[in-house]
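Going by Swiss-Prot, these are the annotated features:
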{"type": "BINDING", "residues": "Thr15, Gly16, Gly17, Asn127, Arg163, Ser191, Ile244, Ala263, Leu264, Thr265, Val266, Ser267, Glu268, Gln288", "note": "UDP-N-acetyl-alpha-D-glucosamine binding site"}
Amino acid sequence: MSGQPKRLMVMAGGTGGHVFPGLAVAHHLMAQGWQVRWLGTADRMEADLVPKHGIEIDFIRISGLRGKGVKALLLAPVRIFNAWRQARAIMKRFKPDVVLGMGGYVSGPGGLAAWSLGIPVVLHEQNGIAGLTNKWLAKIASRVMQAFPGAFPKAEVVGNPVRTDVLALPLPQARLAGREGPVRVLVVGGSQGARILNQTMPQVAARLGDAVTIWHQSGKGAQAEVQQAYAAASQPQHKVTEFIDDMAAAYAWADVVVCRSGALTVSEIAAAGLPALFVPFQHKDRQQYWNALPLEKAGAAKILEQPQFTVDAVSETLKGWDRATLLEMAERARAAAIPDATERVADEVRAVARA
């Protein structure tokens, strides 16, 4: 039996912030001979994405409870019980040595199912403040890890697994030291874009003129509108794209990033070694603010919360960052990164499987 490969079930779903770090760990362990299956939901992004990465996926039926009506809340215990039962049946068939919860609604019933079968549960919290599912599961988990300090008081800080092409970028000194000309500003609103970035940055471009050149990722369906906004501000020379397929190339091009502060974005910016101006998404638990705070404290970034993200404030901030300052901030960002996060998470999974 000792010669048989170890088996891991990854539980993650809903958003790229949960799924992509899970994929990084899965590939790392598969390269070492592990068998990996995924637990997800059929109507979220993991259903298409995970099989494209050569990983088989099983589905349970579960969704979030926030913002749902009274009827949905009353039915919630039944739905959670049914999802737990589905997850139990899947795990009885696959017989994982360990399950890894990377967040999303699927982790709740999946983690409870594993615990009820005596399968150890390992958790990774990507955000600076713990999600509801992970708060519950932490009580039964064999090991809890966090990307940023503060989500769990005693958990080890291991960073977020990021893509290898971002980790492979040259260090800031090699990339940025000899640059001249306009400051290259990369504006990223995520795959859905960010309305405040799309509305504010064309006016910032007009204010800063030849001092900057901008590459603006508008998000789905907003490219024409944002191009029009730059043209209306007499700034048609700036590049606007709906999506950026090669983020590593975009980071390599940039001198500074203006963006939301989702967990994966913050971790990628640190790994790339880039200064950032963050505008956290306004959420009641201020999750994105807490994600960005370590880089601001390190002197690698500035946070402007949405009410403060005005044309004046953004223009003055960018104007105040000369090339020497940007290079110093970039080096501080890289120093704050945890480039071996994937290996650290995989090591914890291996240790729990051996125990």
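Here the Cβ of each residue, glycine as well, is placed from N, Cα and C on the backbone.
Remember, predicted model here, so these are calculated numbers, not experimental data.
A map of Swiss-Prot features onto the structure.
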| residue | record | CB count, 10 Å |
| --- | --- | --- |
| Thr15 | UDP-N-acetyl-alpha-D-glucosamine binding site | 19 |
| Gly17 | UDP-N-acetyl-alpha-D-glucosamine binding site | 22 |
| Arg163 | UDP-N-acetyl-alpha-D-glucosamine binding site | 17 |
| Ile244 | UDP-N-acetyl-alpha-D-glucosamine binding site | 16 |
| Leu264 | UDP-N-acetyl-alpha-D-glucosamine binding site | 23 |
| Val266 | UDP-N-acetyl-alpha-D-glucosamine binding site | 32 |
| Glu268 | UDP-N-acetyl-alpha-D-glucosamine binding site | 24 |
